[in-house]
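Enquirer: I'd like to ask you about the structure that follows.
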Ligand code: KIV
Ligand code: ZN
């Protein structure tokens, strides 16, 4: 058996099913390019039958990405499989991923099917998918809660029809590591023909065991791990790519398994996912959290200064967090700025670079040094920039313990200057109330998050908002050294995106899925 693990990334499909994580087509394409750079073997680009937006995004990714297999998810119906194939047929390497539930709970209450009907349906789906491509993956949804012998029968039937990968999902994150490993061993011993196919794990994190279960599965003989960046996904999320890859890398002495992941691309990938989804990474998150390599306690700092290995099991630079990296400042020129963008993996037009460079100079005048995260935040504003109906001209906020928070805002609305003042229960509320009045927006705030991009007193604040209006959902981002200004920018960016969504059908269907 090979000791190489196939990394199947499903950030664009299962990850996108996280509450509030929907991405538009341009964002998905940007992420797909980063996944290619990261070196995943397979990317599940979406579920084409779910919406037109999903279909278009999978198709575009299939036509763009050349070095990675592109998978599309489909239920067992012919309609779903047709749609999946239509979306991926131009990919350099394609895969159809079809699934049906196998647990008695799902059979009885959801599918209302007998076990025999499930075997027949799964066989038929794999046979049909095989008529389009050699590369067919079959998943037994809720597999970990299914009867083990029945699972062997369903997988056996899928193998007979030519499935090349068999995936075992722990759909509701119920399994324990020993049990999950044992189930994989049982499948290997009792499923006819299983030695011809790759066994895959797909774990959810409801009990916080997704990574442990995945590693147990790999130890037991699985050779594909389905994962997402930052572990985003339905409910408590999926197994996180960075945790599995770095566990295999750091404990290769015990696991004896490798991946093709370029580990230095882990941190940039994590930042990008967080930026496009607006889902902030918790500071204590393993591998990519802001504190993952921070040593606070005196005794730890002393040890690390003497020898990093006393308290560090991985080097930050291995995951792309280079503590010695070059920082840009106000004396950096256009050339250095462009080189930095290339180093961070951004492929931009000259016009985009010029626009960004102006913003960079404004920011560099306020701060001595700009870290990569600051540059990425500028790029994020750029990615999320659509044709602006509303532009922030001026903002003045008065707040404190003895005044009613008041905001005076000047906006350019379709090129015309308008000014108004308003109140609120806090400075941000006053700003948002005033902007809402000026723009006539009926949008509601679904989420508001604020975080510091880098450490230090002069750190930039990064605000991300999610707005909903008439069923349309838009993400807005804003960064500034002043968090109230960053909040205003994020709100205005979100309002501009809502305006854009109203006139762009692809984005509408995409964001409607929330
Ligand atoms: O969690 C799950 O069961 C899934 C399948 C569709 C693979 O995401
Ligand atoms: Zn899943």
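Any Cβ shown, glycine's included, is placed from N, Cα and C.
Curation does not apply to TrEMBL; its annotations are automatic.
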Enquirer: Please pick, from 52, 67, 135, 238, the residue that TrEMBL records in the Mn(2+) site together with 14, 202, 204.
Expert: 238
Enquirer: I need the least crowded one of these binding-site residues (202, 204, 238), counting other C-beta atoms within 10 angstroms of each C-beta.
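Expert: With the binding-site residues 202, 204, 238, fewest surrounding Cβ atoms within 10 Å: 204.
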Enquirer: Including all protein chains shown, what's the count of other C-beta atoms within 10 A of the C-beta of residue 14 (Mn(2+) binding site)?
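Expert: I get 24 for this one.
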Enquirer: Which residue counts does DSSP give the region 'Regulatory domain' (391-514) for helix, strand and coil?
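Expert: Taking the region 'Regulatory domain' (391-514) as a whole: 42 helix, 51 strand, 31 coil.
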